[in-house]
Amino acid sequence: MSSGQQQPPPPRRVTNVGSLLLTPQENESLFTFLGKKCVTMSSAVVQLYAADRNCMWSKKCSGVACLVKDNPQRSYFLRIFDIKDGKLLWEQELYNNFVYNSPRGYFHTFAGDTCQVALNFANEEEAKKFRKAVTDLLGRRQRKSEKRRDPPNGPNLPMATVDIKNPEITTNRFYGPQINNISHTKEKKKGKAKKKRLTKADIGTPSNFQHIGHVGWDPNTGFDLNNLDPELKNLFDMCGISEAQLKDRETSKVIYDFIEKTGGVEAVKNELRRQAPPPPPPSRGGPPPPPPPPHSSGPPPPPARGRGAPPPPPSRAPTAAPPPPPPSRPGVGAPPPPPNRMYPPPLPALPSSAPSGPPPPPPPLSVSGSVAPPPPPPPPPPPGPPPPPGLPSDGDHQVPTPAGSKAALLDQIREGAQLKKVEQNSRPVSCSGRDALLDQIRQGIQLKSVTDAPESTPPAPAPTSGIVGALMEVMQKRSKAIHSSDEDEDEDDDEDFEDDDEWED
């Protein structure tokens with residue numbers, strides 16, 4: 001038995017057969033024009049003629065005719081190629097009941113799809129070989145179709161022995177008087193049979209019944225894109241499956257098997273609904289808006305601490321409103337704006353000595369600037385604008401002149417501009433109190449600038465989960481298997497097609 005099974009494979013393998021009139025290089029180029037998994041069983045240089053309505057032969061083209069076994073399409077074709085340009089000039093499929101005639105040794109005719117066609121061969125030897133290859137192929141196909149028509153158990157005749165098993169026939173043959181007994185037994189049997197008949201009441205309702213949606217998949221044509229379920233279409237789009245893959249016979253079979261293994265269409269739909277993540281993202285929290293108001297409310301409290309309300313500079317000259325923060329720091333300090341924003345907690349650290357009225361608070365603060373660093377937290381009541389308290393000695397000259405003269409205010413502004421230049425030297429001097437706070441603020445700014453770069457694009461591997469990820473993994477394995485297969489393996493696969501009955505359909 002083993003030897004009998006090993007004999008069929010050798011004839012199945014088909015190799016390319018070139019033309020006798022072409023060089024080996026031209027034959028090799030011809031084989032490459034055939035396409036993947038296609039083999040030419042015979043090749044010859046020919047002229048193609050077609051019969052017009054006037055029953056006159058007209059030349060259509062010249063080239064190399066090939067009897068092609070097209071494994072992807074599972075059919076046989078007569079194809080003519082132009083070996084110079086590598087183009088397919090004409091083709092004719094070998095349909096069922098195809099008849100191949102040879103009125104001349106070099107002139108062969110057959111019925112095409114639209115008209116009568118003829119091949120005029122350049123060499124009679126090639127014409128003989130080509131005709132033999134075509135007729136042998138047609139003969140094999142004819143035998144296969146006949147085998148398919150005849151049932152496998154056709155020659156067996158079991159009916160000859162059936163009459164022996166029938167007791168009624170034997171009684172009729174040998175015993176006439178027993179006919180009455182037979183009729184009685186028949187009536188009894190009929191009565192029993194009537195009792196055993198099932199009614200609608202005896203038929204129970206179906207159990208474990210599940211309605212499984214139709215996937216719309218056909219083994220030969222793949223998925224029906226016109227009637228494809230929208231949810232399945234969405235799944236295929238998420239997985240990056242193209243329409244060509246859905247139409248491909250083998251790839252669509254892999255996808256169909258995956259759907260069946262996961263429980264069918266309904267199970268896939270339910271899984272997709274479970275994994276749907278759209279609801280959570282829309283929640284745009286309202287917390288962001290509330291936090292900003294507290295920051296805006298922060299600035300008002302500091303000025304309230306300075307017995308007056310707004311800082312003195314604006315009260316003296318409304319046009320000088322922007323510069324007040326700088327003059328407030330005649331001493332060594334960092335840029336005025338940052339401390340003003342961060343100052344609400346340390347603002348109470350104003351010196352106890354500030355007898356001057358509300359308008360001139362900035363100068364009095366400068367007088368006792370030397371004492372300011374130690375007691376900043378405890379004395380919130382002392383007057384003074386939010387950030388102005390500084391430690392300069394220049395403020396002593398301003399104490400007698402805080403009458404509100406614009407010249408003094410301009411001097412303070414100028415001094416503030418000088419402080420901006422000195423702030424680089426003042427950073428190392430800071431040791432406690434407001435200066436320490438300024439250093440912290442500066443460090444915080446540096447940290448912010450450092451944290452801008454590190455993180456860029458982490459969110460990528462999230463979507464590959466659940467049924468989508470499983471299907472994507474299956475498709476990746478499928479693509480790897482396709483790309484990793486060599487042409488030699490493809491030829492080995494072709495061996496199984498020689499006697500495949502599906503080609504007859």
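Positions of Cβ are set from backbone N, Cα and C atoms, glycine also.
In Swiss-Prot, the annotation region 'Disordered' applies to 449-468, one of the ranges 409-428, 449-468. Per-site Cβ counts within 10 Å over the modified residues SER242, TYR256 peak at TYR256. Straight-line distance linking the Cα atoms of TYR256 (phosphotyrosine) and SER242 (phosphoserine), rounded to a whole number, equals 15 Å.
Residues of the domain 'WH1' (34-141) grouped by DSSP class, helix first, strand second and coil last, total 19 helix, 56 strand, 33 coil. Following the DSSP three-state reduction, the secondary structure of SER242 (phosphoserine) is coil.
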